[in-house]
């Protein structure tokens, strides 16, 4: 334990030395470690602030406040801001810039110090921007526990980190920064629990996780990632997201699906059907595409790389987005990813040229409301393309009904599905029954899987192999009997 503690103390000194070295020039360029900082700051700062929950009249704790890029903006609306940084010259610079705000308290303190005294249940929002990457794994874990205590019930933690690799172009003699995988942060925050003196149990619920769009646009870089968490009762129902990530879309399940569908894909036909369907969209360079239920991002990378479009990929599954972000490393394409519930998102009118969704909307119970949102979000002349599981008209058999229930699906026949799009205001609606193609693709995937049985079992397990094979055979039975169908839908906004 003593050796471990000594190592942590030494690492803390390394980080302090690193930031003293990079705080000689107290400028935005020095703080962001980037020669383009001034231009980036103009678009990135408003974007980051837009991700926060409402903070008017709230108490905000800003950890790693630096020279105050965000302090003044927070002070404009918050009732109180505590701006904290562990480099004295930096926090003094912040005070010289923002000291005229009487609702800001400036503190020179280290977030890892046990002597840092913040009262329990006293803060509405904890905000940090590039902080945790300068802490050890153990320090991150301890800080998350303390932050949960400092927050009022219902309060929020927002943080943003550089993941995978550095983004700034400043030359550095050494770089002790921890460029972690996003799933490291997600796991630690998700697993943090506490009990207060009254016996109430609390945990953190993920509200959102996304790339910083300014970095995707300017640097084709998805490694700037933000999270928003809320302090909730441990008994609160976490709903559909937890169901997805703990059952159908566990990490291992996603990897199994990808093995069947091909690298980057977790939906029917993988790259082959993606090429066919995307070719129907007449995509033009610079157009903006929303992919609803983007999975692990293969279709988004394909569109961005081959058609030079900008893609926003959203998925409710934290695990899916974690994989998508990892797959984006080094691709240098204009794709943003976000953990989001499409039924709760609200984009401005006329935001997208295309909305694309593959075998996802089967999870959505109120499709008419979602299609009305799609219509609103599309630009005039914009297109929607959806492939989805459907059912034959009439009452399903007991077995198929049980399958639908177990998966939590909401299925319609192809004609009814097309009518829902028409009723939402779309024109030129094409509703095609593609079940024959679905059967061919299923059989092809099953044949390929059976041919590489030994390799699959080596990489996963025999149980995993049997699970996938049985699932594909069951789908083939349901589709050949005509109960389960597959629809392709294309429609246009006038």
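Using N, Cα and C of the backbone, Cβ positions are placed for all residues, glycine too.
With a cut-off of 8 Å between CB atoms and residues at least 6 apart in sequence, the same chain places 84, 85, 111, 128, 129, 130, 131, 134 near residue 64 (S-adenosyl-L-homocysteine binding site), listed in sequence order. According to Swiss-Prot, the feature S-adenosyl-L-homocysteine binding site maps to 64, 69, 85, 110, 111, 129, 266, 267, 293, 315, 341, 342, 358.
Listed in sequence order, 133, 162, 163, 164, 165, 166, 223 are the same-chain residues six or more apart from residue 179 (phosphocholine binding site) with CB atoms under 8 A from its CB. A coil conformation is recorded for residue 179 (phosphocholine binding site) in the three-state DSSP classification, outside any helix or strand. The phosphocholine binding site feature in Swiss-Prot is assigned to 162, 167, 168, 172, 179, 257, 389, 403, 407, 409, 475; the stated evidence is similarity to another entry.
Marked as N-methylethanolamine phosphate binding site by Swiss-Prot: 248, 249, 257, 389, 403, 407, 408, 409, 475.
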Out of 111, 266, which has the highest number of nearby Cβ atoms, where nearby means within 10 Å of its Cβ, if these are the binding-site residues? 266
Would you find the one among the binding-site residues 257, 389, 403 whose Cβ has the most company, meaning other Cβ atoms within 10 Å? 389
DSSP-derived structure type at residue 407 (phosphocholine binding site), helix or strand or else coil: helix
When the Cα of residue 257 (N-methylethanolamine phosphate binding site) is compared with the Cα of each of the binding-site residues 266, 293, 341, 358, 407, which one is closest? 266
Rounded inter-Cα distance in Å - residue 358 (S-adenosyl-L-homocysteine binding site), residue 407 (phosphocholine binding site): 17
Cβ packing number for residue 358 (S-adenosyl-L-homocysteine binding site), 10 Å threshold: 24
Between residue 266 (S-adenosyl-L-homocysteine binding site) and residue 403 (N-methylethanolamine phosphate binding site), what C-alpha distance do you get in Å? 20
